[in-house]
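This report refers to the structure that appears directly beneath it.
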Amino acid sequence: MPTDAPIPSQSDGLLRARLAAITEASENAVITCDLQGNVLDWSPAAEMIYGFAAVEMIGRPLSTIIPDDKIEKETHILNRVANNEAVHRFETSRLSKKGGLVSVSVSVKPLCDGTGTVAGLLRIERDVTLQKERDREFCRLNKLYAAMGQVNHAIVFSKSREELLDRVCRALVEDGGFHMAWIGWVEESTCRLLPAAVAGEGADYVNSVMVYGDDRAEGRGPAGTAFRTGRPCKCEDIEKEANMEPWRRALREFGFRSVASFPIRVQGTPRGALSMYASELNFFRDKEMALLEEAANDLSYALTGLEERRERRVAEITAREEQSFSTAMIETIPGILYLYDDRLRFLRWNRHFEEVSGYTPEEIARISPLDLFRKEDRPGILERIGEVFEKGSSWAEAAFLSKNGKETPYYLTGSRIIYNGATCLIGVGVDISQRVHAEQRYRTLFEHAPDGLLIADANSHYIDANPSICRMLGYSHEEMITLHRSQIVSASELEHVPRALEDLRREGIFRREWRLRRKDGSEFFADTITTLMPDGGTLSITRDVTEKQRREAVLAQALEHEKELTEEARAGERAKGEFLAVMSHEIRTPLNGILGFSELLAHTPSLPEEALCHARTIVNSGEALLHLLDDVLDFSRIEAGRMPIEHEAFSPAQILESTRSLLASLATEKRLDMRVSVEPDVPHFVIGDAGRIRQILLNLAGNAVKFTQRGGVTLSLRRGKETRRLEFSVSDTGPGIAPEKIASIFQPFTQADSSLTRRHGGTGLGLTISLRLAELMGGTLTVESHPGEGAEFLLALPLAEAASGNTGTPTDSPVTLDPEFATKHPLRVLVVEDDKVNLRLIQTILKRLGYETHAASNGAEAVEVFREIKPDCILMDLQMPELDGIEATRAIREIEKASGRKKSAYIAALTADIIPVDRKHCFEAGMNTYLSKPVKIAAIAATLVEASSR
C-alpha cells in the first residue's frame, strides 16, 4: 500500500478481508480505485487478464492500461460514478502487458465512507475477448454463407460467363462483406490476368495494376500464385508480405490489409483467379478459406458447364450451317448434281437434276444413270463410270436425254467418294449448249471466212486450216495439217520468224507482211495477224495483199505527183508572199521619202499658203496610196491564211474613242456630228487584237463619214446577248444601201454604187477585209440599212474580260518641230539606213528637233560606229546589205554585255512592213520598239522621248 493511503479502521479491515476472499475466488478482475483513478486493489483475476501483477499496478493510475482512444469515455464514466451513479456492463478495451488489446465488459460502482460520501470506485471487469472473437467469426461466417447462397444462385441462373463472373464478385462484396472482389482472366499471349469482373471500392486499382500468371515479380502475389500453382493463396498482412511489393502502395491507399486468391479452372485447365480483399489483418482463417475455396470450385464447375454448353451450341450451329451450306451449294450449283452407288442406284440429286431430266423423285430412285443417255452413247458412258470407280475420277461430254426425249449437250464429271459406308460416284453436269452452238458458229465462220485462217500448236505445226488458206497456198486440208510454219514462209524471210515469235510471246499479237510460198513454189505477199492462244498455240489471219500492194504503188505514184503539185502551189504562194513583201518594202520606201519630206515641208515656217496647200495635198495623196497598199497586202495575207491575230488586254471604250478622235477633223470639215456611246455594263478591259478591231472600226467609221453628207455618225459599244460577247456599232444618217446590194458589199473590189466609187475612190476591199478579220477573231460583221435611212454596221466579237490592260492609243496628233526639243531630251543618236533618201529624211527631222546625228549605211558599219561613239539611241533599218538590222542589234547587245555597260542603247527598228513574226525577232534580238515606214515626225519624237526617259 502506498504511504499516502488512508489508514483503515477496524471495520474497514473486516470489509477488506471479505472483499479479498470474494476477489480471490472471482474469475473477473476486481479493481478498486480512488476518485483520481489510482489503483487501490488489483485482484488475481486482473493479473491473469492483463498480465500485470498487483505490485505493478497498485498506486498507479488505471489509465496505464486504457487505450488513448478510450480515455475520454473512461473520464466521463469516472465523473458519473463520482456523482454516486453506478455504470453497468459497458464494453471497452484494455492494453495487456504483452501489448495486445483485451476486450472487457465493465461495471463500475461508487464506494462510500461512513458519511455516505463517495470515496472510491469498485470495477468489475470481465474478459470478453474470446466471446467477441467468436461473435465476429460467427458474423463473418454468416456473411460468407449468405454470399455462398448468392453465388449458387448466380451459378444456376446466369446465362453467360460475363454475367456469372459479375454476379459472383458483387455477391462477395455486397453479401460477403469484402471491400473488393475481382476475377482475373488470363490472356494467353502475355500470361497477364486481365480483369473480367470487379466489384467494390478498388475497380480503379484493378484496372491500373499489372498482374501476371507466370513467375515474374508481378506474378508472385496471391492471384498469380493461385493461378500458377492451382492452389489457394492468401496474404494476412499486406504491409509485411515481401511478395506484395509491386502493389503495396496502391493497396495502402484503399485501406486493404489482407487478401486471398483462388484458382479458377475450366474443363480442368487454369483460366483465371478469384481474389478478395479485407480491411482487417488475419481475416482469412481456415473456415473462411474452406468456404471460399468451395465457392471457387463451384464457380469453376459452372464455368466448365457454360463452356461445354457453348461448345455444344457452337457445334450445333456449325452443323446446321454446314448442312445449310451443303444444301445451298447443292441447289445453287449451275448444273445438275447426282450421287449413285456402284450398283448404279441414285442416292441423292438436286432440284435442277429433276427439272432437266423431267423425272419425279420416285422415278429417279427407280431408273439407272444409263437411262439418261442415248443407246449409242451408253457403252462410252459405262466405260467412264468404270474409270471413276477404278481410278477415282473421269469426265465425258454427251447428250443428256430427258424423260420427254429432249437432248441437251452436257459436260459431266465424276469422282469416287465413300457415302454412308458405300463406294459411290458423285458428279456434276454443266449445260454446254451455248458452247456447242458457239463452236458450230465458229466452225461455220472458220470454214467460210474469206481470209485464210491457220491454227498452229506451240511447236508451230499446223493443226487446222480453213478452205481460204488452202486455196491461197494450193494445199488440201489434209496436206496443210502436216506442215510446219517454216514450210510456207519464203526462204528469204525465214530469218525473221524467230524474232517475230519472240515479239508475239511478249505482246500477245503480231502483225507483219510476209512473203509466203505456195505448193507450186510461187510466192506472194500476205498481210498476217497472228494471235497467241492460251495453250501456247497461234491463230493466224492471212490476206493476199499482192493486188493491194500494186494499188498502193499506183496510189503512191499519184500521191507523189500530187505532192509535187502541192509543192509547186506552195512555192507559188511563197513567191506571191515574197513578191508582196518586196513590193510593200519597195513602195513604202519611196513613200517614206515623199510623205516625210512633204510633212517637213508642211512644217516649214513662213511657207506661202498656196505652197502649204500643195504640200498637204501631197501628204493626203501619199496617205491614200499607203492606205490602198495596206488594203491590198491585208487582203493578200487573209487569202493566203497568213493573217495573225494577237491576244492582249486593252480597253474597248478607248478603242472607240480613239477611232472618233482620228476621224473628228474630217467629220468637222463636213459639219457632221460624231458621237460615242458606251453602255455602263461594258468591261473596262478585255482580251483580243486591239489593232485589228481598230482597223475594222476605222474602216466602218471612215466609210460612214465619207458617204454621209448631213446628220452624223454614232459609235456605240454594248454587251451582246451572250455574256462574253461585245457589240461595236457604227451607224450613220447617210444614203443607206439598197437591199439587193447588201449581199455584195462584202465581196472584194465591190461597192454598193459604182458612181459612189468614182466619186469617193477606194479599192472596194475595206469591208471584205473587215469581214474576214471579224471571222478570224471568231466574230461576225453584219449590216442593217434601207435606202435614204442610213446604215448600221454591227461588229460582234467574243472577248474575255481582263483585270487590267493597256489604255494607251496611237496618236497622229501634229508635232511642232521645236529646235529646243533636243535640249529637253538630250541624246546621242545613230541613224542606220541604207536608202539615202530615207537617211536624209530622218537626219533632217532630227536636225529640225535640234539633234546632231551620226549615220551608218548598213549593219556592219553600224556596229563599228557604235564601238566608237556609244550612242544613246539607234534608229535601225531592218533590211540592209552585209548585215541586217536584227543581226546588228545582236552584235551591239553582245558588245554591251562584254563591256559591262550599265545603261544600254535604246534601239528602234525602222521597217517598211512589220509583221508579228518580225516583231518577235526584233524583241528577241534586243530591240526596244519599232517604227513603221513611212515614219512620221510624231512617232520619231515619241521614240526620242521614251529613249531619253530611261
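Easy rule for this one: first residue shown is 1, then count along the chain.
Positions of Cβ are set from backbone N, Cα and C atoms, glycine also.
Curation plays no part in TrEMBL annotations; they are all automatic predictions.
Since we're looking at a predicted model, the values are computed, not measured.
The feature domain 'PAS' is assigned by TrEMBL to 15-85, 322-392, 438-508. Taken from TrEMBL, the feature domain 'PAC' applies to 88-140. TrEMBL lists 582-801 with the feature domain 'Histidine kinase'. The domain 'Response regulatory' annotation in TrEMBL covers 828-948. Among the features that TrEMBL reports, 4-aspartylphosphate is placed at Asp877.
Per DSSP, the secondary structure of the domain 'PAS' (322-392) breaks down as 45 helix, 11 strand, 15 coil. Shown for the domain 'PAS' (438-508): DSSP residue counts in helix, strand and coil, namely 42 helix, 12 strand, 17 coil. In the domain 'Response regulatory' (828-948), the DSSP tally of helix, strand and coil residues is 61 helix, 23 strand, 37 coil. For the residue listed as '4-aspartylphosphate', the count of additional Cβ atoms within 10 Å of its Cβ stands at 27 [all protein chains shown].
Note: the domain 'PAS' (15-85) comprises 41 helix, 12 strand, 18 coil (DSSP; helix = H, G, I, strand = E, B). Residue counts for the domain 'PAC' (88-140) under DSSP (helix as H, G, I; strand as E, B; rest coil) come to 12 helix, 30 strand, 11 coil.
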